[in-house]
Amino acid sequence: MSSLEIIVDKILKFLEKQPKPEGRPFILGISGPQGSGKSTLASALDTELTRKNESVVKFSLDDFYLTHAEQVELAKNNPNNPLVQHRGLAGTHDVTFLNNVLNAFVKGSDEEVSIPFYDKSKFGGYGDRGDESQWKKANPKTTTYVIFEGWMVGFEPLDSCMLSVRARSTRWQNIEGSLLWVNRKLADYQPIFQKIDSLVELEAQEINYVYRWRLQQEHALKARIHKGMSDEEVIEFVNHYMPQYVFYLGTLSNKVHLNPHCLEIILDENRYPVVMH
């Protein structure tokens, strides 16, 4: 079996043991760093659950980025915060929109829900929300599984004093104020993450594996469409996220490890699962 097949098999068996809510879909969260295989895993689970006659709706945290105009305004209003000059971190998503969509599924609404998608190719790679005519439509009442994936799904804000102390002992001490801003915004995501019934965490055995994984992704993309970021740009891109991993992953992993409704999958450098529990 491939690494993906092993992981999918483990998750399907895990899901069989989880209590299912009545009158609404089961909401499965998938969290993992860039390049860990979240989207590929979500698609594979979608396929396998559909084969079992489940009705599946799949979407990503990325689908709920602010519109291009909103992101430009956010960056303009926070010129001294390098962490929000581009999409990615907490504060750059439409949390109200996302919360409303998940609320519809949690309530088992019989009204059709529209789920956006984000077109990262727009505005020269700066990105914008895709045309509404291409949004996904779903009926929460007839949906049995929602798969919601994202790199920071499940992250919890730290005490601001604790974050300041930790930031000052790292190479990110010069952006302490920016880190605190993002940390405050992370609180807005908690009502969203609390709607998840079970969380699967894809965890890198060594967080620096993310650089290699993201480079592999970009090389594959460039081979397919003949455009993309240089290696230097990819490294800078990952650098943007690295303080978030360093400050928040420990808390998430501890929470997942102790929760019987969560599944921790630790990956080696080749994305092979070395621990699944």
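Glycine is treated like the rest: Cβ placed from N, Cα and C.
DSSP gives PRO33 (ATP binding site) a coil state; it is part of no helix or strand. The ATP binding site feature in Swiss-Prot is assigned to GLY32, PRO33, GLN34, GLY35, SER36, GLY37, LYS38, SER39; the stated evidence is similarity to another entry.
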Per-residue Cβ crowding (10 Å cut-off), top of binding-site residues GLY35, SER39: GLY35
Which of GLN34, SER36, the listed binding-site residues, has fewest other Cβ atoms within 10 Å: GLN34
Chain-mates of GLY32, PRO33, GLN34, GLY35, SER36, GLY37, LYS38, SER39 with C-beta within 8 Å of site centroid, ATP: TRP151, LEU202, TRP213
Around the Cβ of LYS38 (ATP binding site), the count of other Cβ atoms that are within 10 Å: 23
For the binding-site residues PRO33, GLY37, the one whose C-beta sees the most other C-beta atoms within 10 angstroms: PRO33
